[in-house]
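Visitor: Quick one: structure below, then a few questions.
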Amino acid sequence: LTVHLRVLRSRCETPRSNRYSWRSSGSRHSSPLPPLPPAALLPTEGSSSYKQHRRTPSSSSTLTYSPRDDDDGMPPMTPRRSDSAISVRSLHSESNMSLRSTFSLHEEEEDTEPQVFAEQPSVKLCCQLCCNVFKDPVITTCGHTFCRRCALTSDKCPVDAAKLTVVVNNIAVAEQIGELFIHCKYGCRATAMAGKPGAYEVDPLGCPFTIKLSTRKEHEASCDYRPVRCPNNPSCPPLLTMNLEAHLKECEHIKCPHSKYGCTFIGNQDTYETHLEVCKFEGLKEFLQQTDDRFHEMQLTLAQKDQDIAFLRSMLGKLSEKLDQLEKNLELKFDVLDENQSKLSEDLMEFRRDASMLNVSSFPSLCLCVAYDPQQIFKCKGTFVGHQGPVWCLCVYSTGDLLFSGSSDKTIKVWDTCTTYKCQKTLEGHDGIVLALCIQGNRLYSGSADCTIIVWDIQTLQKVNTIRAHDNPVCTLVSSHNILFSGSLKAIKVWDIVGTELKLKKELTGLNHWVRALVASQNHLYSGSYQTIKIWDIRSLECVHVLQTSGGSVYSIAVTNHHIVCGTYENLIHVWDIESKEQVRTLTGHVGTVYALAVIATPDQTKVFSASYDRSLRVWSMDNMICTQTLLRHQGSVTALAVSRGRLFSGAVDSTVKVPPLVTAPPADHLRPSVCPFLFCCSRG
C-alpha cells in the first residue's frame with residue numbers, strides 16, 4: 001500500500017502540469033459553418049472495395065512471411081497483378097466539400113507514400129503540368145483541370161497560355177481517381193531506376209491485396225503485412241501484424257500488467273501465468289482500477305472547467321471591448337449634442353433679432369402637417385447570448401413567441417421573444433452540429449451532422465423520438481401538407497408525419513450535389529444544389545421544372561408572390577419570374593456567400609433580406625430590385641434568418657442571435673410632425 005500510494009501521488013502531479021500547458025493553448029471554438037457547418041465537415045460518398053490475389057512468399061525474405069489460411073471475410077479474388085504496374089508519386093484520393101464556404105485555399109502537404117497502380121491510369125486523368133495523375137483536381141478559369149498545387153504554382157495554362165486561377169474543385173474527376181485500384185503500400189518496394197528517383201515496384205513478398213485508392217487508409221490500417229513492434233520490448237526483432245500473436249506466445253519480455261504500480265516481473269507466457277498467482281498487486285486490481293477511473297474522471301472534469309474558464313475569459317474580454325466602444329460612442333454623441341445645442345441657441349437668438357426688427361406683435365400659429373415615412377428602418381433591440389459555437393439555423397414558433405436556435409455546440413436553445421427575452425430551456429440530444437430546424441403543428445424537428453432527425457414536443461420541450469434519417473448530415477428541413485422533407489447529399493427524403501413518428505414515403509433522387517436549401521410554397525417544393533434549382537409537385541412528388549443558375553452551389557432560396565430568389569456560393573442573388581420561370585435580375589452587393597434569405601411582405605411592398613459570409617444583412621425592395629438598407633449587426637458571418645410578425649431575427653458565427661424591437665401600433669411609429677416651410681404674417685392695410 002505504501003508503494004501504491006507513492007505511485008498515485010506521483011501520477012497526481014502529472015495532470016496538474018498538463019492542465020496549465022493545455023489551458024494556455026485552449027480556445028473557445030474547436031472548429032470552422034460557416035458557414036455552416038457548420039461546414040465542415042460533411043462526409044463524401046464512398047465504397048469499400050478490395051481485390052485479392054495469392055502469391056507464394058520467397059524463402060529469402062528477411063522476415064517470416066506466411067500466406068493466410070482463410071480470406072478473413074474479404075471480397076472475391078482477382079487475377080494476379082502484373083509486376084509491370086506503373087508507379088506514380090502523387091495522387092489525391094478524395095475531394096471533401098465543406099458544409100459552409102471559406103475564402104482561403106489551404107495547400108496540402110505532398111503525399112510521399114508509394115503508389116503503384118494495378119492498371120495504367122487513363123491519360124485523361126493525368127495533369128498536363130506535372131504529367132502525373134491528378135492530385136486534388138481543380139478547374140481553372142480557362143476551363144481546364146489541373147492539380148491544385150500545379151495550378152497555384154504555375155503562371156500560364158500549357159494549352160492556351162491563359163493565366164491560371166482556381167475556380168472550383170473538380171469533384172467528378174476526384175471520384176474517378178478514387179475508384180482506381182492500387183497495390184497496398186506494404187506490397188511495394190523502392191526500385192533504383194535510372195532517372196526516376198522515388199519510384200516503386202511490386203514486392204512479391206509483400207501484401208497481395210489491390211484496393212481502391214479511396215479505401216487505402218482503411219485497408220492499410222488493418223493490413224496483416226503492416227510492420228509492428230513487440231509491445232513488450234522494442235528491442236525484439238521487427239514483426240508483421242500477422243506474426244504478432246505467435247510472437248507474443250514465445251516472447252521472453254512479457255511484463256506484469258501491474259508494472260505501472262511498481263511490479264518488476266519480466267518473463268515468458270508460462271512464467272507470466274505463474275507470477276499472476278503470487279503477484280501482490282493482483283489482489284488489489286479492482287481497487288487500483290477504481291482509482292484509475294476516478295483519476296480519469298477528475299482529469300476530464302478539470303479539463304472541462306479549464307474550457308469553461310477560457311470561454312468566460314474570452315466573453316469578459318469581448319464585453320470589456322464593447323464597453324469601451326460604448327463609452328467612446330457616448331462621448332462622441334455628447335459632443336455632437338453640445339454642438340447642436342449651441343447652433344440651436346444661435347439660431348434662436350438670430351430669430352429673435354429678426355422678429356424685433358420687423359416689429360411683429362403676433363405670429364400666426366405654425367402650420368403643422370403629418371408626413372408618412374414610407375421607408376421602414378430595421379433596427380436591433382438586443383442580443384441573445386448563450387451558445388458556445390456558431391449559430392447555423394433559426395426557427396420561430398409564433399403561437400408562443402418562441403425562437404429556436406441550433407448551434408455547433410450540439411444544442412438547441414429556446415428563447416422568449418416577447419416578454420422576458422431570456423433562454424427558456426436548452427435542448428440536448430444530438431451528437432453533432434445542429435444544421436436545420438422546422439416546425440409542424442406542435443412539433444419541432446431538428447436535423448444534425450449526426451445524420452439524425454429528432455422530434456421535440458414544443459409544449460413540454462421534451463424529446464419524443466429520434467430517427468436515423470440519412471447516411472450523411474441532414475442539411476435542411478421543411479414541412480408542408482403534413483409532410484416533412486429532409487435534404488442531404490444528392491438526396492431528398494419525404495416523410496409522412498404520423499403523430500410523433502416519421503414514415504418514409506419516398507426518396508427524391510437525380511440531384512447533383514448537397515441539398516442545402518429547401519422551400520415549400522403552395523403546392524411546390526423548391527430544392528437547391530450545385531447551380532440548379534428543381535421544382536417538385538408536392539402531390540405527385542415529381543420534378544416539374546429545372547432552373548439553371550450560375551455562381552456555384554445554391555445555399556438559400558426564398559419564394560414571394562411574384563418571384564423565386566436564390567443565394568449562391570459566389571456572392572450572387574438570382575431572381576426569376578415565378579410564372580414564366582424566366583430569370584429577370586441578378587442582384588449584386590455582397591462580397592461573400594449568401595447563406596440565408598427571408599421575406600417580409602405587406603399589401604404595399606415586398607422586401608427580401610439576405611445574410612452573407614461578409615457579416616452583413618441587406619434589405620432588397622422587390623418593386624425596383626435595389627438594396628434599400630445594409631445592416632451590420634454581427635461580428636462574424638451571418639448564417640441564418642427567421643421572420644415573425646414583421647420582425648427579423650439573425651444568427652451568426654459569432655455565437656449570437658440579434659433580436660429586433662417588437663412592433664406595436666405601426667401608424668404611431670411611422671407618423672412624425674414636420675414644420676411647414678412657409679411663414680405667414682398679417683399687417684394692417
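Positions of Cβ are set from backbone N, Cα and C atoms, glycine also.
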Visitor: From the ranges 309-336, 393-420, 421-448, 449-476, pick the one that TrEMBL records as coiled coil.
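Guide: It is 309-336 that TrEMBL describes as coiled coil.
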Visitor: So which residues does the repeat 'WD' (384-416) touch in its own chain, when a touch means Cβ under 8 Å and the partner is 6 or more beyond its ends?
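Guide: Contacts of the repeat 'WD' (384-416) (Cβ under 8 Å, skipping residues fewer than 6 from its ends): 28-31, 33-38, 100, 311, 315, 422-428, 430-439, 444, 446, 448, 456, 458, 461, 636, 639-645, 649-659.
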Visitor: Reported in the order helix, strand, coil, what are the DSSP residue counts of the repeat 'WD' (587-630)?
Guide: 0 helix, 26 strand, 18 coil
Visitor: Which sequence-distant residues neighbour the repeat 'WD' (547-586)? Criterion: at least 6 residues beyond either end, Cβ under 8 Å.
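Guide: Same-chain contacts beyond the ends: 101, 168, 513-514, 516-519, 521, 526-535, 592-599, 601, 606, 608, 610-612, 614, 620, 622, 625.
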